[in-house]
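Trainee: Please find one structure pasted underneath; my questions will follow.
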Amino acid sequence: MVGLISTSETLPKQESKSSSAPVSNFLSPNNLTEQTCSPLRAHSTFKEPVFLLSQRQYSHNSKILTELINSVKRPNKPDQNEEKSAVGIEEKSFKDEHLAQKKGLHHFADLKEIFLNKNLSTLDGLQDASLHDNIQSGKLDNPVISQNRRIVLEKLANPNSSKEYETIPTVENRHPLNKLSKTKTLAYEETINQLDETPGGTNYPMNKKKTLSSETNKYEYPQQSKFHECSQFASPRSSIVNGPRTLGKNSKRADDTARMASRMKPSNFNNNIQSSSYGHASQSTKLTSQRDNDHQKDLNFSPYKSIPLNNRPYSPMSEIVGFSGSTTPLDTYGNRPSGKKFNKNSKFRPPGSTISSYSSASTLRRLPRAPGSKVHAERQNSTFNSGISLRALRKEMGNTAPVSSNQLLKDADLVMENLSTRNTEKVLREVNILKRLRESCVAITAKSYDTLDERKIRSLTTFEYLEIKNFQKIYFTGSENCQKLSKQIPLDECNEALFDDDNGDYKAIQGDHLLYRYEIIDTVGKGSFGQVLKCIDHKRGQVVAIKVIKNRQKFHGQTLVEVGILKRLCEADPADKNNVIRYLSHFDFRGHLCIVTELLGSNLFDVIRENNYKGLPLIVVKSFALQGLQALRLLQGQNIIHCDLKPENLLLSHPLKARIKLIDFGSSCFYNEKVYTYLQSRFYRAPEIILGLEYGKEIDIWSFGCILAELFTGVPLFPGGNETEQLGYIMEVLGPPPMALIRNSTRSKAYFDSEGKPHPITDSHNRLLVPSTRTFSQLLNTKQASFLDFLSKCLKWDPKDRITVDSALQHEFILGKTSQKPMVSKGSHPLPDLPV
């Protein structure tokens, strides 16, 4: 069916005959004869040029059609010059062509030729085209306004007719189309029938179409133009005559609006499918602002807002057309749950809630983390490409080369820097303190007791006065205002034990000295071995960390082993490229063995805690995994087992970067010099330790896998309250251990019966821990295949089946198969670097 705006009696017949160019497959101009058009000419008084609309192109020219409808004028006065009117129309068409070219509508020239040369008029098609234009643009007018416009145009075309129109339908009727009364003129009906019998018409034998139904439940979506930039196939569920149908189950996932797609030029199409917060903000800011304005207009003007739609909330995405290859769920703007009430078990996922492994650091501040709802391997939800898998994304990117370790570390540093902006005040305070410390560090020339200043000698206590004579080199004797502990010790009761507390730890006082060389600044941490102090080395003029071991005989032997291991590792890695803490020196002071090392930052458990136990982005976890494996490779190259891998023993070497170093070799041993049979922290304890089996370097691989899982989720993978519960959590995922391990276990009777079946185990909440009832994918709440495969190879019952360090470094999870650099949003700002 063809919709007309106006006709002209003054156009020469040559122009009418010259318009024999094909309009579309829907209507052939050869079928439009003078006899066909004569009924309408008899009733036409317009002196404007003819505008013929092709409904096969209405979705491609919807905005132009709306502008033409709004620009229709009343009949010119009798004395008005026809040439001026024609010139005005020609100028208007030139502006429309310029607007069409700007919007990328490449078929406007053919449409304009049809507009200027055809000589038909019918208003029924005009109403359909006008309605579809409004649906496509998301700005469906008020039915009253549409009806009034129809009446005005009908009056303009037939000023002498006396048509009567039906009552204007209200919004409650939910009838988006207006109907003409049954009192249509005979000429009008005859013209409609003749047009419908043309090829493509509703009454054409090859494609009969249903008549317009008054039941809105049978409405269907208008068919999208095949010329649309984002369209490839016309929807078979569409019908121009029947109009849009109501939203049902089949429309819960549908294509994006042609209104939104028409504003996106093909040159920017790839940029627009990416999330604006991830992509180049400078290129998408204007488009995003325009999209937000149109969305607000849709909420204000759409008639579906007041219509009950089978428990489906209104969304501007309800007016949708396109091909089924790109679908998106209905965006429930009004009923979207808040972040605090988000249910991780719900199937609902708000748009933009998933990120890829190489995700933008700027979005990490607003996305949920595992074990809540984070999905690391899926592509960012977009209105055009939500259904594309990661495999298709990688193929589309065309980059399957492994990611270099340097690139991985740089990308993780960028993400870690943006994570640090959450605690900007704390990080800046730490950076400033460390900066002042380093600026105050000045190397001092050593002096003997005979060359000391009188002022320093007067500051010595009675105990120090006798003690200092045993030191040949003196660098620091304590700050002036320091309340030294030695002042409280009488000379006749001098004993090294008086400097210790009840646990054997040294009583460190800020401003006091160690070995008349190191100035105590602060206490960094404490443990079963003793404590770690932040100090200034006045000999080297640098800030160091000193591990002060407890004054207990049982710790002395292992401390000497630790010193030997640190020395060996530093000699094997002189360039400091394998992420192991740097050993500087060691000494014995007042009954305490002290190990001097470089000063590092927070441990990874503190990082998880500062992130509210929500876990870290996968790219950061991958970076930590790479660095940890490099450290383990160095250890195994020197036949060393760490024996106590846990997040607390992995420290950041820089507060703003994802760089870590392995520390605490107090439980470490060489392969042939195993000291303990019961070691490792419980959450990271290998099964062979629990079962009392022989152990080797493989226990570090088990602990390493547990650490990566905890970094990703924010909570321990196997949080057993005791060894029995710990074994129950492991069997929940891995099932019972092999019979070979049970038979060789020295503690098998505590956990298994004579047939190797595990005894019933309950956790602290009296929940029965049933073997083989959970998976890594469930515990980690992710489907990242390479990460899950990596963990499954680290966590095996039999140590011989676990992945080796060399194989782990070549695993797909470490190497990666895609490299998409994370981008920092314009709103974020980098924190200052630490002073050198």
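In case you wondered, yes, glycine gets a Cβ from its N, Cα and C as well.
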Trainee: Swiss-Prot records Val524, Gly525, Lys526, Gly527, Ser528, Phe529, Gly530, Gln531, Val532 as ATP-binding residues. Which of Lys539, Lys547 is assigned to the same site?
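Mentor: ATP site check in Swiss-Prot: besides Val524, Gly525, Lys526, Gly527, Ser528, Phe529, Gly530, Gln531, Val532, the record includes Lys547 out of Lys539, Lys547.
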Trainee: Based on what Swiss-Prot says, identify which of Tyr518, Tyr678, Tyr684, Tyr729 is the phosphotyrosine one.
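Mentor: Per Swiss-Prot, the residue annotated as phosphotyrosine is Tyr678.
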Trainee: Which range, 192-214, 744-766, does Swiss-Prot list as region 'Disordered'?
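Mentor: Matching range for region 'Disordered': 192-214.
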Trainee: Measure the Cβ-based neighbour count of Tyr678 (phosphotyrosine), defined as the other Cβ atoms within 10 Å of its Cβ.
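Mentor: Within a 10 Å radius of the Cβ of Tyr678 (phosphotyrosine) lie 9 other Cβ atoms.
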Trainee: Which residues, same chain and not among Val524, Gly525, Lys526, Gly527, Ser528, Phe529, Gly530, Gln531, Val532, Lys547, have a CB within 8 angstroms of the centroid of the CB atoms at the recorded ATP site?
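Mentor: After dropping the recorded site residues, what remains is Val548.
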Trainee: Gly530 (ATP binding site) to Tyr678 (phosphotyrosine): how many Å between their Cα atoms?
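Mentor: Cα of Gly530 (ATP binding site) to Cα of Tyr678 (phosphotyrosine) measures 20 Å after rounding.
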Trainee: Based on the record's binding annotation for ATP (Val524, Gly525, Lys526, Gly527, Ser528, Phe529, Gly530, Gln531, Val532, Lys547), what whole-number value in Å is the widest Cα to Cα distance?
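Mentor: The widest Cα-Cα gap among those binding residues is 14 Å.
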Trainee: Given the recorded positions Val524, Lys526, Gly530, Val532, Asp644, which one is most crowded in terms of C-beta atoms within 10 angstroms?
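Mentor: The residue with the most neighbouring Cβ atoms within 10 Å is Gly530.
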Trainee: So for Ser528 (ATP binding site), how many other CB atoms are inside 10 Å of its CB?
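Mentor: Other Cβ atoms within 10 Å of Ser528 (ATP binding site): 9.
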